[in-house]
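Database features (TrEMBL):
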{"type": "ACT_SITE", "residues": "Cys21", "note": "active site, nucleophile"}
{"type": "BINDING", "residues": "Cys259, Cys405, Cys454, Cys457", "note": "[4Fe-4S] cluster binding site"}
{"type": "BINDING", "residues": "Ser306, Asp368, Asp369", "note": "Mg(2+) binding site"}
{"type": "DOMAIN", "residues": "21-243", "note": "domain 'Glutamine amidotransferase type-2'"}
Amino acid sequence: MASCAGTSSMGECPRGLHEECGVFGVWAPNRDVSRITYFALRALQHRGQDSAGIAVGNGKTVLVRKDMGLVTEVFKDEDLQAMQGKVAIGHCRYGTAGAKGWESSQPHLSAINDVIIALAHNGTLVNFDELRRELIDAGVPFRSSTDSEVAARLIGYFTHATSHLRSGIRKTMQMIEGGYAMVLIRENALYAFRDPHGIRPLVLGKLDEGEWVVASETCALDIVGATFVREVRPGEIIRISDDGLISEEGLPPRQTAKCIFEDVYFSRPDSVQDGKSFYKVRHDMGAQLAREAPADVDLVISVPDSGTPAAEGFAAELGLPYGTGLVKNRYVARTFIAPTQSLREMGVRLKLTPLADVVAGKRILMVDDSIVRGTTSKQIVRMMRDAGATEVHMRSASPEVVWPCFYGIDTADQNELISANKSVEEIREYIGADSLAFLSVKGLMSCVPKTGYCRACFTGEYPVAISEKYWGDHFLPGNRPRNLYPDQVPDVSFPPSSQE
Ligand code: SF4
């Protein structure tokens, strides 16, 4: 599902999960850092299409340009030309916490005494509301209602108190809770830091003359010609400047809990994690799904593009023919919220068209990356039958999504998640398929190279505690999130001591 455009098959995002953002940072004093950032953001565009922004540090100050729209819409050549410097960060946003307007676009600029900082954030802070209120009580002004601005203001607040930016970041990390990967610049330095569970991804890479880059995914390193060095460690703060790269522990790492949906869907297939491409992970998921839920059919097809690697793996595992049965309109790029069911259906038809001469008279098995609300699956199954398929079997390469996400993925509430409300048989009946199966959680975990994943949207076991105030009515009556690590809930009374 990632974003509504990008790799998703859905025009109006009816399936319910959307990535929040992509971030990038570069420290390269003798290069065109704004253009490097521009190209990296284009590689990360699938992570968010609401707004895009670049901030550049030129040794004296920080300049920012950001606006609503795709990266290519926001930046013209002359904009990039005007943003020369030695260090830059970039951001593409799918808005979740807070409003979606210009004020919520990133990077956020903040002034700390004479120093300007710009911050870009991927993730969600589960306690930002309290922190925002307390900052307002402390006289700190806000321009947006986003959690990212809360982080920027906290860093400013604590940097002011400690006269040291890294201390300000560290103290902010002690206060904020959730999943986050952040990049920040001042006029002459780049900082990158990540939540102590490592929920949201952040990787470190090197350009050929030793300059540094950080990015949400390795596909952004590839596009700017950087080589992967390592992940930014959970809880780590990295500072890159003329003094080189300095790493320090912002917070002790906690139990690693990387978002498993990066593997299932969000990350681009050519990005790599723990030495394995997401394409290969998804191909293996399809093969595992075939072992768990085989079917006697004439043709395996995918719901393009995000279901394709798993569909290929499914077909290969069973020795079945694989073909193209649905064509994706690649030019339906932007999110829209369709107000009525018939317009939503039109949105799906705009995005996906069945190939009648491929599927007619055949028993078809369709593999999708996931089934979240079920409304799209229902329409695609009907399209297949209208196109003449004699049987339509559905497989989801993701386990059943039963619980909402609070760590940077915009999910539907539990009452909209079809698996929270219906049995597999009831879902099969609802979408009108001849058979339906989901990959098991155990099967999914057998396809990823390492352990240490957040799986809360499948299991309801959340690595970062969610306060009742925050989860409000996101759950069905009687359902409560279970906190996996109750001993790792910090005391975040505000404001903490300003003394180092
Ligand atoms: S709840 Fe699901 S989508 Fe959210 S971070 Fe955890 S695995 Fe990812």
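Cβ atoms here come from the backbone N, Cα and C positions, even for glycine.
Not one of the recorded positions Cys21, Ser306, Asp368, Asp369 has a CB under 6 Å from ligand 1. In the three-state DSSP scheme, Asp369 (Mg(2+) binding site) is classed as coil. Annotated [4Fe-4S] cluster site Cys259, Cys405, Cys454, Cys457; additional same-chain residues within 8 Å of its Cβ mean position, judged by their own Cβ, are Gly179, Ile199, Ile260, Phe261, Tyr407, Ile409, Arg455, Ala456. The predicted model assigns the domain 'Glutamine amidotransferase type-2' (21-243) a mean pLDDT of 93.
Between the alpha carbons (Cα) of Cys457 ([4Fe-4S] cluster binding site) and Cys21 (active site, nucleophile) lies a span of roughly 19 Å. In this structure, the CA atom of Asp369 (Mg(2+) binding site) is 18 Å away from the CA atom of Cys454 ([4Fe-4S] cluster binding site).
When secondary structure is read from DSSP and collapsed to three states, Ser306 (Mg(2+) binding site) falls in the coil class. Once Cβ contacts within 10 Å are tallied over all protein chains shown, the binding-site residues Asp368, Asp369 are led by Asp369.
A simple way to gauge crowding: the CB of Cys21 (active site, nucleophile) has 27 other CB atoms within 10 angstroms, across all the protein chains here. Secondary structure from DSSP puts Cys259 ([4Fe-4S] cluster binding site) in a beta strand.
If you compare Cα positions, Cys454 ([4Fe-4S] cluster binding site) sits closest to Cys21 out of the recorded positions Cys21, Ser306, Asp368. Looking at Asp368 (Mg(2+) binding site) and Cys259 ([4Fe-4S] cluster binding site), their Cα atoms lie 19 Å from each other.
For the recorded site, Cys405 ([4Fe-4S] cluster binding site), the DSSP three-state label reads coil.
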